[in-house]
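Since the structure comes first, as structure tokens, the remarks are kept for the end.
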Amino acid sequence: MDAIIRNFPHRPEPQAKSADTSAFLDRPVTDRPSREEAEAAVRTLLRWAGDDPDREGLRDTPARVVKAYQELFSGYDRCPADELGRTFEEVAGFDDMVLLKDISFHSHCEHHMVPIIGKAHVAYLPNGKVVGLSKIARVVDIFARRLQTQESMTAQIATVIQEILKPRGVAVMIEAEHLCMSMRGIQKQGSTTITTTFTGAFKEQPEEQVRFMTMVRDPRKG
Ligand SMILES: Nc1nc2c(ncn2[C@@H]2O[C@H](COP(=O)(O)OP(=O)(O)OP(=O)(O)O)[C@@H](O)[C@H]2O)c(=O)[nH]1
Ligand SMILES: [Zn+2]
């Protein structure tokens, strides 16, 4: 949990605390450099790469890069716990698996700041309440729009859903290509990294894990 709390450095205005979400809202605010400082850093990188930041084609690039980073790293300004705050009473007694498959995401690895492109599969076993389907995808999106390792992102998604929704169990699988392994370094194109994590009934009952895996691979067999 601590790791998740530490990953909220820039949330500007903490919302009202509730018993369920307080742990996700008490996070330190760190000094953020100004936009001008960020643009100056991009200019330095352009020069370091060997180009001239004053040539016409690059003149607006620092501003564009900063604007793009604001979007790509907007997950630091958002709280995944907030997304899960609105729930619905269990629909018509439904308490079986809810699985969102193939949630596409773009993230950036914390080692090289190079894209991680992949999809997440997230399931939970409701325990008296369900959450809007889009909220699960929003949680994935918020964590993806931070610097990540795939393992951390997998664990963070499961932890926040387990802590806030308190279902009988959560299962998360992420499949992703790390461009730091294909564009540079070892240069292995097309390799996929798969990570999984399970809580509650998914952790304790192997048959629930199998059912999750089967539904991820072929939902007709679930
Ligand atoms: N476990 C894990 N490793 C990652 C992830 N994304 C990137 N990496 C790895 O992070 C490692 C960083 O290794 P370092 O030796 O510190 O850095 P490097 O010299 O740039 O490594 P190379 O990529 O091997 O050239 C590399 O092996 C990457 O493949 C991730 O999500 N999870
Ligand atoms: Zn990397």
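Glycine residues also receive a Cβ, built from the backbone N, Cα and C atoms like all the rest.
If you look up TrEMBL, you'll see 1-36 marked as region 'Disordered'.
The average pLDDT computed for the domain 'GTP cyclohydrolase I' (39-216) is 96. Under the heading domain 'GTP cyclohydrolase I', TrEMBL lists 39-216.
Summarising the annotation, TrEMBL assigns Zn(2+) binding site to C109, H112, C180. C180 (Zn(2+) binding site) carries a helical DSSP state (H, G or I).
A strand conformation is recorded for C109 (Zn(2+) binding site) in the three-state DSSP classification.
Around C109 (Zn(2+) binding site), the C-beta neighbours below 8 angstroms that are at least 6 residues distant in the chain are P115, I116, L147, Q148, T149, H178, C180. The Zn(2+) site is defined by C109, H112, C180, and by the 8 Å test on Cβ atoms against their centroid, the other residues of the chain that qualify are H108, E110, H111, M113, V114, I116, H178, L179, M181, R184.
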